[in-house]
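What follows is a single structure, written as structure tokens, with notes after it.
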Amino acid sequence: MGRLFGSLFHQTEELVMTPLRQRMSEDMQVRNFSLNTQLSYLRQVSLFARHFGKAPDLLGREDIRTYQVYLANEKKLAPNSIHIAIAALRFFFSVTLERDWVPAEVLPLPKKPQKLPIILSPDEVQHFLGCVLDLKHHAILTTCYAAGLRISEAVQLKPTDIDSQRMVVRVEQGKGQKDRYVMLSPKLLEILRDYWRMPRPKEWLFPGDRAGHPITRDAVGQACAKAHDLSRLSKPVTPHSLRHAFAVHLLEAGADVRTIQLLLGHRSLATTAHYLRIATNKVCATSSPFELLPRPAPTPPPAKPEYF
């Protein structure tokens, strides 16, 4: 059963799922988890089962501990990646299996290092976007920056989400299953119109290679990597780093943190406040206390000795 649970993850949903996998999927659906979260959690439990070659309901606390050590020491996953795996296993054991022990005690979350993202300057963003040669890829990556969208949100846009009358973009079912509106830049609108005139997409603003499906995040990531190579920028560039740049550039231009929180779709203001640590204009505009110290009087050179 363990192999079957793991092997079905990549198969299409019309195929038969194991009862255990079906039950976990239903547990997430009734709690209104996003589709991305459901797929991520199912994949993490699948990887857990494959690691031991057993059905996950046959595994216990010691197996979980062994798996955590494996993820950290052998796979050398980043804390964020381990967080996702632990969140999935916590849900599986506490909700789907209804284990009587507390998963939070057995599955401690690793402490995340407070690393600051590397931020592109406005000139670097402009140079990078100029290196995205494909019209569709240029349009979607420009949207990630101009509207501050997550890549998962950008790929799900529909033509009807672009409201040129109110000059807003509707972001439907973003992270946390919350809709929101973000600004529609006149420059972005012009780029989107130029792009839309060519294929005239109907269902998805950025359709993928598969009929009836949007462009995949992997495809956008590959286009981003190709443009980064062409740009020869020393800083790393991903679709998410364009979103980071959007937030920091707004903050440096004088936008308040609360407005940026609404635009980014952050649930907590504390998440948005992290960008205060990155906005360099705030740092550069603050004088060092060293400047307040009085300048020492110049020391005269030593007098030459008199010999006669």
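Placement of Cβ uses the backbone N, Cα and C atoms for every residue, glycine included.
Per Swiss-Prot, domain 'Core-binding (CB)' is recorded for 15-97, and the stated evidence type is sequence analysis.
Under the heading domain 'Tyr recombinase', Swiss-Prot lists 115-288.
Positions annotated as active site by Swiss-Prot: R150 (among others).
Annotated active site per Swiss-Prot: K175 (among others), in sequence order, evidence recorded as sequence analysis.
The active site annotation in Swiss-Prot covers H240 (among others) and is backed by sequence analysis. Sequence-distant contacts of H240 (active site), defined as residues of its own chain at least six apart whose C-beta falls under 8 angstroms from its C-beta, comprise R150, I151.
Secondary structure at R243 (active site), taken from DSSP and collapsed to helix, strand or coil, is helix. According to Swiss-Prot, the feature active site maps to R243 (among others).
The active site annotation in Swiss-Prot covers H266 (among others), and the record cites sequence analysis as its basis. Taking the Cβ of H266 (active site) as reference, residues of its chain lying under 8 Å away and at least six apart in sequence are, in sequence order, T272. According to DSSP, H266 (active site) is assigned to coil rather than to any helix or strand.
Swiss-Prot lists Y275 with the feature active site, O-(3'-phospho-DNA)-tyrosine intermediate, giving sequence analysis as the kind of evidence. All protein chains considered, the CB of Y275 (active site, O-(3'-phospho-DNA)-tyrosine intermediate) has 23 other CB atoms within 10 Å.
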Original post:
Under DSSP, is Y275 (active site, O-(3'-phospho-DNA)-tyrosine intermediate) helix, strand or coil?
Top reply: helix
**OP:** On the DSSP side of things, how many residues of the domain 'Core-binding (CB)' (15-97) fall into helix, strand and coil, could you say?
**Re:** 65 helix, 0 strand, 18 coil
Subject >> Averaged pLDDT, computed only over the residues in the domain 'Tyr recombinase' (115-288) >> reply: 89
Original post:
How long is the line from the C-alpha of R243 (active site) to the C-alpha of Y275 (active site, O-(3'-phospho-DNA)-tyrosine intermediate), rounded to the nearest angstrom?
Top reply: 12
Subject >> C-beta crowding around R243 (active site), within 10 angstroms >> reply: 21
**OP:** Could you find out if DSSP has R150 (active site) as helix, strand or coil?
**Re:** coil
